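Enquirer: Take a look at what Swiss-Prot says about it:
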BINDING   ASP165, ASN167, GLU169, ARG171, ASP176  Ca(2+) binding site
DOMAIN    152-187  domain 'EF-hand'
DOMAIN    320-464  domain 'PI-PLC X-box'
DOMAIN    668-756  domain 'SH2 2'
DOMAIN    1071-1194  domain 'C2'
MOD_RES   ALA2  N-acetylalanine
MOD_RES   TYR506  phosphotyrosine
MOD_RES   TYR771  phosphotyrosine
MOD_RES   TYR775  phosphotyrosine
MOD_RES   TYR783  phosphotyrosine
MOD_RES   TYR977  phosphotyrosine
MOD_RES   SER1221  phosphoserine
MOD_RES   SER1227  phosphoserine
MOD_RES   SER1233  phosphoserine
MOD_RES   SER1248  phosphoserine
MOD_RES   TYR1253  phosphotyrosine
MOD_RES   SER1263  phosphoserine
REGION    522-545  region 'Disordered'
Amino acid sequence: MAGVATPCANGCGPGAPSEAEVLHLCRSLEVGTVMTLFYSKKSQRPERKTFQVKLETRQITWSRGADKIEGSIDIREIKEIRPGKTSRDFDRYQEDPAFRPDQSHCFVILYGMEFRLKTLSLQATSEDEVNMWIKGLTWLMEDTLQAATPLQIERWLRKQFYSVDRNREDRISAKDLKNMLSQVNYRVPNMRFLRERLTDLEQRSGDITYGQFAQLYRSLMYSAQKTMDLPFLETNALRTGERPEHCQVSLSEFQQFLLEYQGELWAVDRLQVQEFMLSFLRDPLREIEEPYFFLDELVTFLFSKENSVWNSQLDAVCPDTMNNPLSHYWISSSHNTYLTGDQFSSESSLEAYARCLRMGCRCIELDCWDGPDGMPVIYHGHTLTTKIKFSDVLHTIKEHAFVASEYPVILSIEDHCSIAQQRNMAQHFRKVLGDTLLTKPVDIAADGLPSPNQLRRKILIKHKKLAEGSAYEEVPTSVMYSENDISNSIKNGILYLEDPVNHEWYPHYFVLTSSKIYYSEETSSDQGNEDEEEPKEASSSTELHSSEKWFHGKLGAGRDGRHIAERLLTEYCIETGAPDGSFLVRESETFVGDYTLSFWRNGKVQHCRIHSRQDAGTPKFFLTDNLVFDSLYDLITHYQQVPLRCNEFEMRLSEPVPQTNAHESKEWYHASLTRAQAEHMLMRVPRDGAFLVRKRNEPNSYAISFRAEGKIKHCRVQQEGQTVMLGNSEFDSLVDLISYYEKHPLYRKMKLRYPINEEALEKIGTAEPDYGALYEGRNPGFYVEANPMPTFKCAVKALFDYKAQREDELTFTKSAIIQNVEKQDGGWWRGDYGGKKQLWFPSNYVEEMINPAVLEPEREHLDENSPLGDLLRGVLDVPACQIAIRPEGKNNRLFVFSISMPSVAQWSLDVAADSQEELQDWVKKIREVAQTADARLTEGKMMERRKKIALELSELVVYCRPVPFDEEKIGTERACYRDMSSFPETKAEKYVNKAKGKKFLQYNRLQLSRIYPKGQRLDSSNYDPLPMWICGSQLVALNFQTPDKPMQMNQALFMAGGHCGYVLQPSTMRDEAFDPFDKSSLRGLEPCVICIEVLGARHLPKNGRGIVCPFVEIEVAGAEYDSTKQKTEFVVDNGLNPVWPAKPFHFQISNPEFAFLRFVVYEEDMFSDQNFLAQATFPVKGLKTGYRAVPLKNNYSEDLELASLLIKIDIFPAKENGDLSPFSGISLRERASDASSQLFHVRAREGSFEARYQQPFEDFRISQEHLADHFDSRERSTSDGPSSATNLIEDPLHDKLWKCSL
């Protein structure tokens, strides 16, 4: 998420270096110094390397020598430069006498684009060297971020070019250029496309220089986007085809554009416009009185951050708005601040506190438990999360609390400590925090909370407080016992379940409560381990070559192998334009044990023998006797870096030629298998991830048949020359493709896991096929919609949030479990959720869960309120279970016990532990629970937890005194502004609604409230904060480490005021008549209409291997009555410079003071699923109008390099008579209901279907007219229900993806 601490936090500002000093620093850093790098991996010892700054690309690089760069980081990603040894990398060597560097000789660079930052921990040779690096990098951080967009583009272009031209020869091949453009999201159809645009290539080599590359980029960006409806482009010579550098936009024309189209009042000053143009261009040849833009430069300006839709003047803190009581502000708040991942097994980290505080968070949480040596530790109690020292946390808070903001920090203490350790806590609070700790009221006579200005640079303690005159006493908590709270579990931890298909054991998180055993989906057993483990080495270094794409094994007998190698190299190099040095390695046909290196040079294939010999019983490999290698892999790696030398030439091995037919020997490949046969095989393996690959009848075409979400699906793979295509993702071979999707999801969360053939079926196949895996029956020659099988009840899991549009529909959140689902035709199903029975919901919002009655009897007990929340896989009723230890173990696991249920015949669950002690403890506790379950549950529900508070700690609590929420006190004299209440989201939802929202807002005008995620969110997901905010809750605590929409909304809310962590709530919310859920209660606010056209985008990020097909979702989020979404069409295969057809989107907003405009860029993948690419979210009150850039961010709200949308935006006031200008008489909400612009679902009306055929699934052609007739005949079973909806995946069985539009 966007780090808000500017580089000045590290020392720039009044003490910034002079121009001469900057020049000296930059030269010194460019030359570089030798420093010792401390690794994050335990297996790597510290090493001395040369570190340099590449000013052309603004990167820090390191290497052992001058030849090869081993690593680099972008300076734009640096968040903090920290002097000293404060990093985990240094901590690992505290006890190692060989590595005890002087504190003053060390510094740490923290960088990254996620919440959890990476570290570069360095030891310099002197303190002066450290100061040089810190001072120089601090200046470079600020200068890099503030650089004008054309200069940023120049640096980006050089970074891309040098990533290929590693030897700095100022030339790359056409093949390299094609691959590079693919990496930046631009599809090059063929090599001829490049040759036509690079007419001045060197005749002999065909290489491309940097200048040619930069000119090609400029041409590609402009030519693709010159069709956009923009000022200047309509009338200039561009339309006649004249090159953009021959068309100029003068200073006067640009000034007129800023005034007329952009509404920039500062542009009335001609001198300011001139200065702006000069600073943007930074072109010495145009530092003249009348600067000008070329047309392509003007378009670049429109996409630039300098033309942002956000009013940057709102980024500054306004002290005049910081004089209200704290209860009038939204305050940026974190939940379980110490965690870096999930809530049950991730690492607790000091860096999480530093990161949150530097992001402007002003309320952080300390979860304190008794620790060793009389001092508390902080972690998520009764879980596997790691522990950190309370005292270390306080020192971290002191160091980082006021870097990003000077406004007060609230420490929310979750206290589980004994009296003795509470006293030590209080002592450390005073000792470490000193004068920053608030220990007495600002104003004793006040009748409300103090203001942020009154509390500047103060730290407040939120903790329970004793009554007057008590030394210590028991105080009741407001939290009642809940079996669903993981902190009340009897035991929890990682146990292992055996996969019935491959018999591997996989970790799952188990929770034992007073009556049930809950266990999660497959998880990681080492999430708390920050260390990056080395990849597993091959069983023998001599076998490393066997998995390399350049190794082809034995190609043929005698001279056949030589001929085959020559054919493969010739075809590959001619077709792809591969450079000299392209190569493959094969087994020698003539010399047993030797190999042959075949390579491409000057349009011919040449061969070279690789000799082998035994040396002391180990093989050695060499081309010449004077340079011998331990393995074939080492030999090839060497000659990829160092040239082969002979009398005639010198040449490095460049590009490996991939194997083309290696798939034929793989267990998953079937050369002659029909679709029906493939489905029948997969029906006998009821496991997601089962797959096979089959040859299709069409030339150069294959299909992957697989199981996902309990259903069989297919996708087509196409061989195009030397490239294998899946959708728009390119691979070198089928083997490469399957290997990739064994590690990465192919469809939603499903990875290829179980290769299926006849031998596998004999071992793991069921006797009876699972016909439920097929969506529909088959009609020979034509796929039909009708399902001849009877419908059955099942459970489904929500993929997205859905809000009911009618009274007979369900409302649910993402990951909700909907029970007793009855599938209906027309895209709408019925089900039970949230106490509502058999209501409608769109089927494309959910994924079907495995039928619990078929595979896992314990799934019948699924509980949506389990302590595992969305991670839940199964539930067992402990009294109904029988436990038995298996002394002999099972399948390489020694410590195994079985859980069986007599009520379910022939069913048992084998569970493995890591040790005998762990096994015995689990079995003992489960048996105890089985005997006393009812008594334990009754005791827990009857018990009101009470807590003893130490006087020394109570005295530190001044304003934030947690007390049980009492609705009866609201608005009475008994309400005390110093008291506050905390609510889990589930309890808060009872007050942030139409019935009680106004009353809760009244409470929040005087007192603080803190909302936090429910305990079942073990995956650290977040709830929707908007209802809490509009009802006045100040401390809406979120998991900052989670990159989801709620956190992105949180970052948007606090972007005004420079991310200082305090935003004054609108004055409307302090109006006694205001009701958060009734727009008629709005007084003094003028409703508005926002009209937006999405014109184009630049530099969208990639998602996986393919070129993206992007579309843009536009959303207004805010008050319930204002929230709506619309979307554009998708653009095929272009993420570098896509253009959308002109289409206006209109949004009516009644409460613009509490409204956000949100853009999300998705790609549509081959399954018609949408995958997140980028987003940008802004408060509506800070938007500019005109032709504006929308700078895009990643899911952590970090700026994406050069990524932006270009939109045209207008904001109109509503007319007093209720009509909306300029569209009087017609509701814009109705206008916006055009089905092609609605997100996720469409209610299809009779006769309104128009099918769109998706090529990746075209196994058979069908009649569109027949299908349209078929759709028309489908109706919802009740006349008053929604008529139908469009499925994102309408027909997975038959590879048909249809979309319906009104």
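Just so you know, glycine gets a Cβ as well, placed from its N, Cα and C.
So that I understand the layout, could you describe where these features sit and how close they are to other parts?
Expert: Counting only same-chain residues at least 6 apart in sequence, none has a Cβ under 8 Å from the Cβ of GLU169 (Ca(2+) binding site).
The domain 'EF-hand' (152-187) scores a mean pLDDT of 87 in the predicted structure.
Residues of the domain 'SH2 2' (668-756) grouped by DSSP class, helix first, strand second and coil last, total 19 helix, 37 strand, 33 coil.
Contacts of TYR506 (phosphotyrosine) defined by a Cβ separation under 8 A and a same-chain sequence distance of 6+ are given as TYR496, LEU497, ASP499, GLU522, in order along the sequence.
Just so you know, the Cβ of TYR771 (phosphotyrosine) picks up 11 other Cβ atoms within 10 Å once every protein chain is counted. Under the DSSP three-state reduction, TYR771 (phosphotyrosine) is assigned to helix.
Sequence-distant contacts (6 or more apart, same chain, Cβ under 8 Å) of TYR977 (phosphotyrosine) comprise PRO325, SER327, ASP447, GLY448, LEU449, TYR959, LEU1006, GLN1007.
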Enquirer: Rounded to the nearest angstrom, how far is the Cα of TYR771 (phosphotyrosine) from the Cα of ASP165 (Ca(2+) binding site)?
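Expert: ASP165 (Ca(2+) binding site) to TYR771 (phosphotyrosine), Cα-Cα distance: 55 Å.
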Enquirer: Could you count the residues of the domain 'C2' (1071-1194) that DSSP puts in helix, in strand and in coil?
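Expert: Taking each residue of the domain 'C2' (1071-1194) in turn, the totals are 9 helix, 61 strand, 54 coil.
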Enquirer: Look up TYR506 (phosphotyrosine) in the DSSP assignment and report helix, strand or coil.
Expert: strand
Enquirer: In whole Å, how far does the CA atom of TYR771 (phosphotyrosine) lie from that of ARG171 (Ca(2+) binding site)?
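Expert: If we compare the Cα positions of TYR771 (phosphotyrosine) and ARG171 (Ca(2+) binding site), the gap is 58 Å.
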Enquirer: What same-chain residues lie close to the domain 'EF-hand' (152-187): Cβ under 8 Å, and 6 or more beyond its ends?
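Expert: Same-chain residues near the domain 'EF-hand' (152-187) but 6 or more away: 54, 56-59, 68-69, 74, 194-195, 198, 201, 205-210, 213-214, 216-217, 220, 300, 576-579, 655, 728, 730, 1099-1102, 1107-1108, 1133-1137, 1201-1202.
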Enquirer: For the recorded Ca(2+) site formed by ASP165, ASN167, GLU169, ARG171, ASP176, which further same-chain residues have Cβ atoms within 8 Å of the site's Cβ center?
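Expert: In sequence order, the nearby non-listed residues are VAL164, ARG166, ARG168, ASP170, ILE172, ASP207.
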Enquirer: Can you check which residues sit near ASP176 (Ca(2+) binding site), meaning Cβ under 8 Å from its Cβ, same chain, 6 or more apart in sequence, and list them in order?
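Expert: VAL164, PRO579 - these are the non-local Cβ neighbours of ASP176 (Ca(2+) binding site), listed in sequence order.
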Enquirer: Which numbers of helix, strand and coil residues does DSSP report for the domain 'EF-hand' (152-187)?
Expert: 23 helix, 2 strand, 11 coil
